[in-house]
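Noted in TrEMBL for the protein shown:
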DOMAIN    5-213  domain 'Cytidylate kinase'
BINDING   Gly9, Pro10, Ala11, Gly12, Ala13, Gly14, Lys15, Ser16, Thr17  ATP binding site
Amino acid sequence: MNLSVAIDGPAGAGKSTIAKLLGEKFNLMYINTGSMYRAVTLKALENHIKAENLNELNSLMDDLSMHFENDRLILNGVDVNDELTVPKISNNVSAYASIKEVREKLVKLQQNIAENFNVIMDGRDIGTVVLKNATFKFFLTATPEERADRRYKELISKGINSNYDEILQDIKRRDYIDSHRDIDPLKKADDAIEIDTTGLGISEVVDKMACIIEETLKEIN
Ligand code: CDP
């Protein structure tokens, strides 16, 4: 069995930054599953396909190919990562991510990658659905205010004009939709280790998780 690390948690908990660093440290392929849902949203919006329009959404999904190169999602041969984090996509992604057909297709793709590579995967349903037998499962949280503040600073540093209050509202709204949807809602797996990152810096969280991984690997080997 391949080595796999699952990281779940709400928006802005620091999952992607932390997953990238841990991936480098332990030589794991980093799979940002949120970017896959964002890519579907990008294409659906470009083609004016609403989330409830299942037929069109299904045929759109059939035409999408996705893989990762150096942490970056390649969609139909194109690196679209810079287009995925803009507010327009963030505001719409949870609606598309609630659709059963979208989830089935992306979960299958994610499981397929994990069968072929040692991965660190972050998202909402990794420990509960995608990698139920992951070697390690973590659940990262932080207060909505701290998560909004992190996201605000990230967008500003990328030169994207943003408003803290709007980001906070978006985060609270997405938290609600993600944890109340019928299919694969955001929730901590029973066997996941929960880390509240409020007030903690990235390196403190990474060190904590790296310690846990190293200790367990020592016991396994
Ligand atoms: O980076 P951020 O935490 O804002 O979100 P993301 O990881 O890019 O995910 C964007 C959205 O995709 C989430 O709000 C969920 O609605 C959806 N998502 C999901 O449903 N399942 C996943 N495994 C990953 C993301």
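Every residue, even glycine, has its Cβ placed from backbone N, Cα and C.
Automatic prediction, not curation, is the source of TrEMBL annotations.
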Key: Around the Cβ of Lys15 (ATP binding site), the count of other Cβ atoms that are within 10 Å   = 27
Query = If you count the C-beta atoms lying within 10 Å of each candidate's C-beta, which of the binding-site residues Gly9, Ala13, Thr17 ends up with the smallest number?
reply = Thr17
Remark   = So Ala11 (ATP binding site), by the Cβ count within 10 Å over all chains shown, scores 24
Request  = Would you mind sorting out which binding-site residues among Gly9, Ala13, Thr17 put a C-beta under 6 angstroms from ligand 1?
outcome  = none
Request  = Summarise the model's confidence over the domain 'Cytidylate kinase' (5-213) as a mean pLDDT value.
outcome  = 95
Task = Starting from the ATP site formed by Gly9, Pro10, Ala11, Gly12, Ala13, Gly14, Lys15, Ser16, Thr17, give every other residue of that chain whose CB sits within 8 Å of the mean position of their CB atoms, in sequence order.
result = Ile18, Asp122, Leu140, Ala142, Arg147, Arg150
